[in-house]
Each structure stands twice: as C-alpha cells, then as structure tokens.
Amino acid sequence: MERIVLLLAIVSLVKSDQICIGYHANKSTKQVDTIMEKNVTVTHAQDILERTHNGKLCSLNGVKPLILRDCSVAGWLLGNPMCDEFLNVPEWSYIVEKDNPINSLCYPGDFNDYEELKHLLSSTNHFEKIQIIPRSSWSNHDASSGVSSACPYIGRSSFFRNVVWLIKKDNAYPTIKRSYNNTNQEDLLILWGIHHPNDAAEQTKLYQNPTTYVSVGTSTLNQRSIPEIATRPKVNGQSGRMEFFWTILKPNDAINFESNGNFIAPEYAYKIVKKGDSAIMKSGLAYGNCDTKCQTPVGAINSSMPFHNIHPHTIGECPKYVKSDRLVLATGLRNVPQRKKRGLFGAIAGFIEGGWQGMVDGWYGYHHSNEQGSGYAADKESTQKAIDGITNKVNSIIDKMNTQFKAVGKEFNNLERRVENLNKKMEDGFLDVWTYNVELLVLMENERTLDFHDSNVKNLYDKVRLQLKDNARELGNGCFEFYHKCDNECMESVRNGTYDYPQYSEEARLNREEISGVKLESMGVYQILSIYSTVASSLALAIMIAGLSFWMCSNGSLQCRICI
C-alpha cells in the first residue's frame, strides 16, 4: 500500500513538458476532388473555372464589333438597300451576324464559296471601299434600269449598291471587255455576278442576245459562266436567279471581264487595309457599350481564370473552354478541425487527428506547454516552401495543356451538310478528350497537393524526433513528452533546429530511469494485490455456498446423507 501511495505522489508532482507538431485548420467549407476521394474539405482552394458572363456584346480591347443587325455578310458586301448603314464601316474587332438575317440576297440566288469568304473575314479587321468601274462608264449599256421589286428602297424598286446590273441599250448588248489593274499596295476583294433568266423571252428582253456568257480572268483565275435558263418557282416575286462570285486581286495583278449579256458588273471593291484576328459570331445580342478582352456569342468574359464553360466559340484573350461543371484546385491542407473530446492534439500524416485553428500565421507548426505556459508557433520555413511550391500550380496546368483544341465555327452550304455534321462530331470529340484531360490533371494535382502537405507535416515531425532522440518519448498523436524540463528557450531551440541534446541528456536519463523503476515496483504491488484479491474472493464464495447449504438442510429443503 505504501508503494501505491508513492506512485501516486510521483505522478502528481511530475507534470511533463510537451511539444506537438500540427497543422493549420480554419472554418473553410471549400471542397475538392482527388483521384481517390470526392468532396474533400480543405483550408484553401482556388476555383479555376469561369461560369459567368455579362450577356452583352462588347468592344474588344477598345475596338467595336461590326454588328450587322438584320443584314447578312452577303447583304453587307453586295450592298442590299436595307443595309445602307453598312456601306462604309470603320475598323472592327469581330463581326456579329444573326442566325437567319432577313436582309441577305434580296434578289434570290446563290453566293459561290460563301463560307470561304467568311473565313477570309475571320482574318480581316478593316475594309476600305473603292470604286473600280464607275457606273457612268457603261455608255453602250443601260446601267440604271437593272433594278427589281425584290430589292425595294423607300417603296421603289432598287438593287445592290455595290454592283451594276447591265441591261441592253437601244436593242443591242455589245460585247463587254473591261480590265482593272490593282495599283494599290493591298489586296482587293472584288465581287460580280451572272443573271439566270426564267425563260428565253426574258433573256432577249433584257439582253437581246439569246446565247450569252460571262468570262473572268486573273493571273490565278480562269472562269467562264453561262446563264441557265429554266422555269423556277417565284421567290420574292422573282422566277429568275442571280449567282455571285468573288476573288482576291493581288497588287500589280489585273482582272479582265468579258461578256455579251447577263453580266452583273462590279462598281466597288474592298481594299483589305488591315488583317488580324477576327471572327464572325452568330448572336442576336445588342452592343452593351462595354469593353472586354474575351467575347463569346452569349456575352463577354472578364476573368483571370484559366478555364471557362460558357461557349466553345470565343475571340480575344480567353480562358480555355471545357465542358466541365466544376474545376477546383486544392491550394491548402485537408481541413480537419481539432475535436474537443480527443483533446488538443489528435491524423494528417497518419498520426495527427485534428488541425489547429489557433495557428493562423502558417500552415505547419508547433504547440508547446511547460511551466511558463503554452502557445502556438508556425514553422515559417516549411510553410514558405509549401507556398512557393503551390503558387505556380495554375500556370503549371496551363503549360501541361498547351495543345488545346481550338474550336472553330465553320459553316458549310447545303451540299456539304454531311461534312458539317462530321466536323461537329469531331469538334465535340476533341472537346470531350480535352475536358477529360483537364479534369484528370486537376484530380491528380489535388491528390499531389494533399500528399505534399502530409509529407511536410511528417518531415517536421521527423525533424523534432531526430533532435530529441531519447530525451523525450513519442505519445503517438504528434506530441513528444520531455524527460527533462524544457523552458521557452529550450522549446525555441527545438523549433529552430538548434536543440542541444547533450545538455539535457543526463537529466533526461535520470528521470527516465526513475519513472521506469516506479513502474516496475508498481507492477509487483499490483501482482500481490491481484493474488490476494483472487484468494479472498474465492474464500468468500465458499463460505456463502456452505452457509446456504446448512440453511437448506435445517429447514428440510435439502436432504444431506453422510455415508461411511
């Protein structure tokens, strides 16, 4: 009994100093996904997917877009009378066309290689319209009667502003031979056309000659078109059709026209004065009097995030498009606040069960307790190394994904619908693969980040363990219990790696041996007490059984026979 009292006295007098390794925790509810887990709560995370836009068409880096309103590109370039506001346009950053603009080819017909022309506009920022063949120069032909009710203007018949529909004059249509030399330093976009009458009567009525042609030639073009006379249903009140063509005339090159009828001659051409990144966007939005660096058909994006899921077609300095709904990068640690029922310390790195909300100036650090008090201290060196390692994470992901598939909206005419459908399938396939790669990379980076933090905590723990050696014992929860007194100066030496093991080793050895001796003696006492307790319990049980038997025999409840 005296030894038990001695043990209790020693335990009550000795309150060991402790130092613990831990990590930061906060009230964050941000969650990330990793390869192995979903919805992992972390202290810090960065959303890298932009989901919002302003719903407006904006200027791009200070340059307004060319919004064609109810006009198509064809209506603008040919000069549909309902598109007069676009006869002369300033520099544009991109072109906006509605899905089905009502003011296109007012006189029914077709525009050859229309999609290629639109592709050309995707690398053009400014046209300068110049006159190449004046209307007044057609003295042998009627250059004013070529109008149609299909192209009305102020209630009267009119025609495309930038070309001239030549009709016979005085019942004659002399063969046309005209040339134009491009003496400009810029390329020229030139447009012309041919009229396909409804019947032979219309052919001779307009052009006198029953058999006609239109020939056009440059150093790279050799084209001869013949009118196709056929009965057709009326469109916009017209049974005839018009077919338009275009070419790019290089500087110092010449274009030659020859025709004896059905010729729609160019009056104006477009000098391509500025080339650059542009686009034709399909959108019904209006101009929002705003400026942006990134524009989509559904609105402008103003974001520094590396990815977006708003629309695959963009122009400008834009985040990369993915089909994902969520991309969040872990930049902090697993957020596991300490549990009060487990005490202060408790497992990141496999042995610490909770983070410290009290440590706010670092990701990893220490908590100590001694006679002078207790407190937290962040490990600035390991925290800074971790911050440096994670700061460039977003740029790293972008660098790894530098082969993004750029979705380009291509348009195809009715004869190329199969190609269009194939293009869309290929584009969707590329975007699916691109999105999968981004999502996988984010999952892997998140796994790597959390493992990185775990490793840093474990390294900090090992740093302390290697310093203290047998001067302290590991408690198994990230803490060490000193076998010697460790004041604040001693604690600081452990934290900064200058702990003097020999200085404290003798005191630690004596305390360690004393505690071990008390434990051994107490084990002997416990063994004696256990034997005594067992014997006493057995004797008491035997006396109870004997007494019960004697009582039952005396009242006849139990018969006892003794045989000799």
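Heads up, the Cβ atoms here are built off N, Cα and C, so glycines get one too.
Annotated disulfide bond per Swiss-Prot: Cys58-Cys290, Cys71-Cys83, Cys106-Cys151, Cys294-Cys318, Cys486-Cys490, in sequence order. The N-linked glycosylation site annotation in Swiss-Prot covers Asn26, Asn39, Asn181, Asn302, Asn496 and rests on sequence analysis. Marked as S-palmitoyl cysteine by Swiss-Prot: Cys553, Cys560, Cys563. If you look up Swiss-Prot, you'll see 1-16 marked as signal peptide. Swiss-Prot lists 17-527 with the feature topological domain 'Extracellular'. Annotated topological domain 'Cytoplasmic' per Swiss-Prot: 549-564, in sequence order. Annotated transmembrane segment per Swiss-Prot: 528-548, in sequence order, evidence recorded as sequence analysis.
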Q: Name the secondary structure element type, per DSSP in three states, that contains Cys58 (disulfide bond).
A: strand
Q | recorded positions near Asn302 (N-linked glycosylation site) (Cα-Cα within 10 Å), from Cys58, Cys83, Asn181, Cys294, Cys318 | A | Cys294, Cys318
**Q.** From recorded positions Asn39, Cys71, Cys106, Cys318, Cys490, the one whose Cα lies nearest Asn496 (N-linked glycosylation site)
**A.** Cys490
(Q) To the nearest Å, how far is the Cα of Cys58 (disulfide bond) from the Cα of Cys71 (disulfide bond)? (A) 19
Q. What is the total of other Cβ atoms whose distance to the Cβ of Cys486 (disulfide bond) is within 10 Å?
A. 28
Q) Can you tell me the mean pLDDT for the topological domain 'Extracellular' (17-527)? A) 88
Q: Measuring CA to CA, name the entry from the disulfide-bonded residues Cys71, Cys106, Cys290, Cys318 that ends up nearest Cys486 (disulfide bond).
A: Cys318
Q: State the count of C-beta atoms found within 10 angstroms of the C-beta of Cys83 (disulfide bond), not counting that atom itself.
A: 24
Q. Does DSSP put Cys490 (disulfide bond) in a helix, in a strand, or in coil?
A. helix
Q: Whole-number Å only: compute the distance from the Cα of Cys290 (disulfide bond) to the Cα of Cys71 (disulfide bond).
A: 23
Q: Would you mind reading off the Cα separation of Asn39 (N-linked glycosylation site) from Cys318 (disulfide bond), to the nearest angstrom?
A: 29
(Q) Can you give me the Cα-Cα distance between Cys71 (disulfide bond) and Cys318 (disulfide bond) in Å, rounded to a whole number? (A) 28
